[in-house]
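For reference, the structure is listed below as structure tokens.
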Amino acid sequence: MSPSPPQPTASLPFIFVTLLLDMLGIGLIVPVLPTLVTQLSGGATNAATLYGALISAYALMQFLCAPLLGALSDAHGRRPILLLSLTGSTLGYLLMAFSPNLLWMLLARLIAGTTGANVTVANAYVADISTPATRARNFGVVSAAFGLGFIAGPALGGLLGNVDVRLPFLFAAGLAALNALYGLLVLPESHPVAARRPVRATHLNPFGGWRTLRAAPGVLGLTAAIVTANLAVQFSNSTWVLHGTARYGWTPGTNGLTLAGSGLLMAAVQLALLGPVVRRLGERRTATTALLIGVLSFLLYGLAAQPWLLYTGMLLGVLCGLAGPTTQSLFSARIPPEQQGAAQGALTGLNSLATVVGPLAATGLFAHYAAPGAAPHLPGIVFFACSALLLLSAGMLWATFRRASAPVRSGGAA
């Protein structure tokens, strides 16, 4: 029998605050990192490429190290690995704040990526403290923390960057340090000693997580669906500003307001509607329905010659935010407690690859077909690709549910 979750109602606010502060710190540097890269490169014409290399370096190290850090959290508990990750974030932000050149910036991103286990450990933590009845709702709270942090972070980072381009990095370092102190003093351990298992040599292999994913029925299909949906999100996020500027003539302020408004609505939906919807429809139907709503939403984005149709798509699209927490809940329910960290690490690693591939593919597609002067000119092509990816993700879920015959580990059908 698996150990009972430790006081979920008391633990969840702690992890919510931890993630909110962490995502706020990440969001702070978004508006100013390209500017700092341009300054350090001497205004080089390839500054955009150098910026992309820094982003890719972080994602690559996360891909290589997240499975190992997840396995370490299975062996030693979630709390010490989360504290290690926050300490690495603090050091990375400080190095970026005082970097004299791009090599130091690269070192900072490599350190941050190597210790970047926040998402991995947070998801494992939520799985530890959740029951079948609260699992999807708890993952919704985590998703809302991510969203709120990313909304407030760039806005605050832009204001601080107007004072000094390095100030947001110092502020982010301070937040990460406070977050680590908060975790040290307040955050309880969620992973009981009885459920821990030692780290094996296979965990040193970034592809070793596949063994864990293959072992549980239906997990590979869920993994493919989650990563495919995340790829669609990366496509959209990396070209939203480009699309709004080119198609509607939006200013940076308008672009920012649309992103903030969408994020706030999605966080509200995840906090207020996820629990009631899952109780009524179940996790499987909620996830599939939310993805199909996302398919329609992205189609409207692509077809929207006028902003009002895009706004209609946005109102629909916030309901797609129900898919992430429910698919994550379905995923975690099929993983044994002693393997949550390793499995979540493998999933984080794969999602980090999507953050590399997605922006590169989407911006290339936009430049070829949607940018002003492109021939043929297909301004909505990236959003049509997003729609196709979400449709593929929904199909993967449907096929996985159809094949699945084994019950989830916690009892009760998902």
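Quick reminder: no glycine exception, Cβ is built from N, Cα and C everywhere.
Per TrEMBL, these features apply:
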type	residues	note
DOMAIN	11-405	domain 'Major facilitator superfamily (MFS) profile'
TRANSMEM	12-36	transmembrane segment
TRANSMEM	48-69	transmembrane segment
TRANSMEM	81-98	transmembrane segment
TRANSMEM	139-161	transmembrane segment
TRANSMEM	167-187	transmembrane segment
TRANSMEM	215-236	transmembrane segment
TRANSMEM	256-274	transmembrane segment
TRANSMEM	286-304	transmembrane segment
TRANSMEM	310-333	transmembrane segment
TRANSMEM	345-369	transmembrane segment
TRANSMEM	381-401	transmembrane segment
Taking contact to mean three or more C-beta pairs under 8 angstroms, with sequence separation of 6 or more, is the transmembrane segment (167-187) in contact with the transmembrane segment (345-369)?
-> no
For the transmembrane segment (286-304): best-contacting stretch of 48-69, 215-236, 256-274, 310-333, 381-401, by Cβ pairs under 8 Å | 310-333
Same chain, outside the transmembrane segment (256-274) by at least 6, Cβ under 8 Å from its Cβ: which residues?
-> 136-137, 140-141, 143-144, 147-148, 150-151, 154-155, 158, 240, 244, 250, 286, 314-315, 317-319, 321-322, 325-326
So which of 81-98, 215-236, 310-333, 345-369, 381-401 has the most C-beta pairs under 8 Å when paired with the transmembrane segment (48-69)?
-> 345-369
Across the whole of the domain 'Major facilitator superfamily (MFS) profile' (11-405), what does the mean pLDDT come to? Round it, please.
-> 86
